[in-house]
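Asks: Provided herewith is a single structure, encoded as structure tokens, for subsequent inquiry.
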Amino acid sequence: MPDYDNYTTPLSSRYASKEMSATFSLRNRFSTWRKLWLNLAIAEKELGLTVVTDEAIEQMRKHVEITDDEIAKASAQEAIVRHDVMAHVHTFGETCPAAAGIIHLGATSCFVTDNADLIFIRDAYDIIIPKLVNVINRLAKFAMEYKDLPVLGWTHFQPAQLTTLGKRATLWIQELLWDLRNFERARNDIGLRGVKGTTGTQASFLALFHGNHDKVEALDERVTELLGFDKVYPVTGQTYSRKIDIDVLAPLSSFAATAHKMATDIRLLANLKEVEEPFEKSQIGSSAMAYKRNPMRCERVCSLARHLGSLFSDAVQTASVQWFERTLDDSAIRRISLPSAFLTADILLSTLLNISSGLVVYPKVIERRIKGELPFMATENIIMAMVEKNASRQEVHERIRVLSHQAAAVVKEEGGENDLIERVKRDEFFKPIWEELDSLLEPSTFVGRAPQQVEKFVQKDVNNALQPFQKYLNDEQVKLNV
């Protein structure tokens, strides 16, 4: 039954995918602890600890997935002992009596908590990387589709030289490619804390193996292997260095900036009525203004991107204040910031997937806006054409300057249309180029190499970057909960 009397974060209850929510769920956390205890016991037995029996391992393996009743029992136990790990040690031991005496043998709490966090981080990156790949792929298709469509460029949000809609999309894609590189690097850099003991010296395991250093090292390597990792951090304190969390969250925060910029661009384009995010037939934009088509998905992206970007400072500050081998003031904030970061990144990517799959373009609006500004941009072309007809460059410049100011006054002071070209056509001075004016005002001649840049970028940079991820590419429609 839903619990309507307790607060739940909207990240999981409203927005995030079931897959990401499950990754950071209590069930997965506590079941992962059990997997860690199981694999520790397996490795200890393989290396000769006879106190670990086959029966103990079989019972642990059978009950590695924690039940609702066991979660409740451990929660009640934690209220008594004030230690979450020991509460679960006792609960697991009650379920697996043959293993009760060897669960957590030689380990400290961070064996399960830190190693589990590293597993969650790896798994979370494995969820968001395919989504990022598909966002890039869909935007690349959009860029190619509109590589030749001239649009008014904007600098300082003032009209500037023309570009193409496809070229504008490549600016988003390029930053997303950098994010993909950063995600992959962060994911592949993750190792395990491993089997290190209370202060990282492995003293407890050295005692278990009666001073046999080789077996302690073998234990560390075997547990790492059993958990599916190819590397373990060579030295730690009680915890793995919290600087690793910085390396984990930095790419996510950087991606947040990319997402915010892209969504902001689309929001501005929606105001200009040139490009809009998808809008469902039954979607309501405003409870009062029935005509509204608000860019609510892009607005959500901007909102959550600000949250994701802010979490990076949590990691930086936490890493900087860790004393010696560890302090516990990292614990509470990490329980919040790490899941929040990945849940938020997951939401952003799902939303961007939805947006990029259904962007709506209005070419006629784009064309009308270009026509309103292009005459001013074409003045240099007009000057050059007149000079080729043996006119004085300075005289042409002065005449076109006067006409441009008159046309600007019509636009700004009277609210009229830009009539510069009509003024040029009425001025006998410009008669030598009247027949050329239409060609001088062809928008495609003002976009430079934008179409060629799009083709080269997609065919070379994008395709090469996506080549290792072909198995993830799909055209599935992403449905958002809200």
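Quick reminder: no glycine exception, Cβ is built from N, Cα and C everywhere.
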Asks: Where Swiss-Prot shows Arg14, Tyr15, Arg82, His83, Asp84, Thr108, Ser109, Gln238, Arg326, Ser331, Arg335 binding substrate, which of Arg61, Arg297, Arg300 is named for the same site?
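Replies: Of the residues offered, the record points to Arg300.
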Asks: Select, from Lys196, Lys281, the one residue given the annotation ubiquitin cross-link by Swiss-Prot.
Replies: Lys196
Asks: Which one is it: of the recorded positions Arg14, Arg82, Lys196, Arg300, Ser331, whose Cα lies the shortest distance from the Cα of His156 (active site, proton donor/acceptor)?
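Replies: Result: the closest of the recorded positions to His156 (active site, proton donor/acceptor) is Arg300.
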Asks: Could you find out if DSSP has Ser331 (substrate binding site) as helix, strand or coil?
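Replies: In three-state terms, Ser331 (substrate binding site) counts as helix.
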Asks: Let me spell it out: for each of the binding-site residues (Ser109, Ser331), count the other Cβ atoms within 10 Å of that residue's Cβ, using every protein chain shown. Which one has the most?
Replies: Ser109
Asks: How many whole Å apart are the CA atoms of Arg82 (substrate binding site) and Lys196 (ubiquitin cross-link)?
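Replies: Cα to Cα, Arg82 (substrate binding site) and Lys196 (ubiquitin cross-link) are separated by 24 Å.
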Asks: To see if you understand the setup: which same-chain residues, six or more apart in sequence, place their Cβ under 8 Å from that of Asp84 (substrate binding site)?
Replies: Ala74, Glu78
Asks: So of Arg14, Arg82, Lys196, which of the recorded positions has the fewest other Cβ atoms within 10 Å around its own Cβ?
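Replies: Among the recorded positions Arg14, Arg82, Lys196, the sparsest Cβ neighbourhood within 10 Å belongs to Arg82.
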Asks: Could you state the whole-number distance in Å separating the C-alpha atoms of Lys196 (ubiquitin cross-link) and Ser109 (substrate binding site)?
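Replies: Cα-Cα, rounded: 11 Å.
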